[in-house]
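*Asks:* The following feature annotations were taken from Swiss-Prot:
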type	residues	note
TRANSMEM	9-29	transmembrane segment
TRANSMEM	32-52	transmembrane segment
TRANSMEM	68-88	transmembrane segment
TRANSMEM	101-121	transmembrane segment
TRANSMEM	137-157	transmembrane segment
TRANSMEM	161-181	transmembrane segment
REGION	187-448	region 'Spermidine synthase'
TRANSMEM	188-208	transmembrane segment
DOMAIN	202-437	domain 'PABS'
BINDING	HIS263, ASP287	spermidine binding site
Amino acid sequence: MSVSTALKLCIFFTGFAGIVAEYSLATLATYLLGNAVLQWSVVISIFLLSMGLGSHASRYIPDDKTPLAFVLAELFLSLLVPFSVPIAYHFANNFLHLQTVIYGLSFVIGSLIGLEIPLAVRINNMYEELKVNISSVLEKDYLGSVPAGLLYAYLFLPKLGLPLTAILAGFFNLISAFLLVKVLKPKKFLKFLAIFTFFLLATYAVGHKRITLYEEQKFYGEEIIHFEQTPYQKIVLTRFGKHYSLYLDGHLQFSTLDEKRYHETLVHVPASFLKRYEKALILGGGDGLALRELRKYPFGEIHLVDLDPKMIEFSKKNLVMRKINENSFYDTRLKVFSEDAFNFVKKTKEKYDFVIVDLIDPRTPSSARVYSLEFYMSLKNKLKEDGIFITQAGDTFYKREVFCSILKTIKKAGFYAYPLVVYIPTFGEWGMVIGSKEPLNFENFELKEKTEFLNRERALAFYTLGKSLECPNVEVNTLLKPVLIYYYYKIQN
């Protein structure tokens, strides 16, 4: 194999590895720091800046040292990219240190990636004329980037998970280093260094699960009994003593210590106002806990919409989850749809008596859609005239603007809106909003089913507390102006 051919293969592999490295660090930042839009923007921007600086720095490398510099850059990348995952998790419980570590890693890795193309062009300059040299090097870099981006989204992250994906990127960098070592025949120390790097990376690849589990358990502070990366999210179930907690992408969804406070309020307060029990819809609620409470009512049909079929499978088959949700997914009245909730509401021809919106907080543009004016207007058309819906509306203490914006948006859609605030020890003061086409009378409120935590007095107290909250001057959340994302991260930032 000629040096020029080997070099072009190297550039293809480095283009592939570079995109995987960028996406892996952006995903890692999202998992640990939150705010997907912000983290992807910041990490990719840091990469672009550092790649430019790396390209600039390449001019100071003497011509006779360019092959050595290229190989060393690939060897460093082959270790730095894979090890960035456990390094970041090690600092996961310190927000300021974590930001410095992730952004610092992005800068260093980006700088090394920035060296690649200028060095490759200079090495290849001996074998091809300038116009062919530059175009062929850039061509191979771009061609390597395209499959990397697609495979990352559709295969690597959902099937391999983040740690193994980063290891894969490292091996592509290592292959590039070995190719150049083979054709350039450098000094023995470089061959030894390449072999040593291979053994380090291979050892980490074999033991990465143990290392990752150790760092993950430090992050969650509890024993991890189930860990799964799906195409949509990372599912983690933990145990602490007799209690279990579920996390999605690092965010707590429930703890068995107090989840009934949330789910009983979410279901039984609005359900007690219903005049008919024919057809119900749950949007989200893939853990089956809202469904567990809803099954107590004599609905003829229950539809549940959750984007992630793996979440449904986990909740249906995992023995711990089955015990918590009381085998709710085996109810014969249930029909599950693995679809996006926003799109389902928009296209369905069904009319419902009761709708429960039990979805994640509006942390991203995608999740903010199901708290938008357009969504609530679509939902209004899917409710019967005496139908009722309820949505979770987030933390009312630290993120009151989020709660107030959701409340205002529901009113803007033409609903009668009734705020509830329930205290949940693991979450704090948590808001919910009931929406109805007809006015509801809380003075005559009576629970229709037996509950473990909820009673009439508590339900009325939750409504009284909800009404008493003073809302700041917030905007309505829309698709074109998703203000909820700004409100959600305002306190944290």
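For all residues, glycine too, the Cβ spot is worked out from N, Cα and C.
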*Asks:* Is ASP287 (spermidine binding site) helix, strand or coil when read with DSSP?
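*Replies:* The residue in question, ASP287 (spermidine binding site), is coil (DSSP, three-state).
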*Asks:* For ASP287 (spermidine binding site), what is the tally of other C-beta atoms lying within 10 angstroms of its C-beta?
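*Replies:* Result for ASP287 (spermidine binding site): 26 other Cβ atoms within 10 Å.
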*Asks:* List the same-chain residues at least 6 positions away in sequence whose Cβ sits under 8 Å from the Cβ of HIS263 (spermidine binding site), in sequence order, or say none.
*Replies:* PHE254, LEU289, ALA290, ARG292, GLU293
*Asks:* How about the transmembrane segment (188-208) with the transmembrane segment (9-29) - do they touch, taking at least 3 C-beta pairs under 8 Å (6 or more apart in sequence) as contact?
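*Replies:* They do not touch: fewer than three Cβ pairs between the two stretches lie under 8 Å.
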*Asks:* With contact taken as 3 or more Cβ pairs under 8 angstroms (pairs 6 or more apart in sequence), are the transmembrane segment (101-121) and the transmembrane segment (161-181) in contact?
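*Replies:* Counting Cβ pairs under 8 Å, fewer than 3, so no.
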*Asks:* Counting only residues 6 or more past its boundaries, what in the same chain has a CB within less than 8 Å of a CB in the transmembrane segment (68-88)?
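*Replies:* Beyond its ends, the transmembrane segment (68-88) has Cβ neighbours at 10, 14, 17, 20-21, 24-25, 28, 32, 58, 61, 98, 101-102, 105, 108-109, 112-113, 115-116, 119-120, 123, 162-163, 166-167, 169-171, 173-174, 176-177, 180-181, 184, 186, 190, 193-194, 197, 200-201, 204-205, 208, 211-212, 215.
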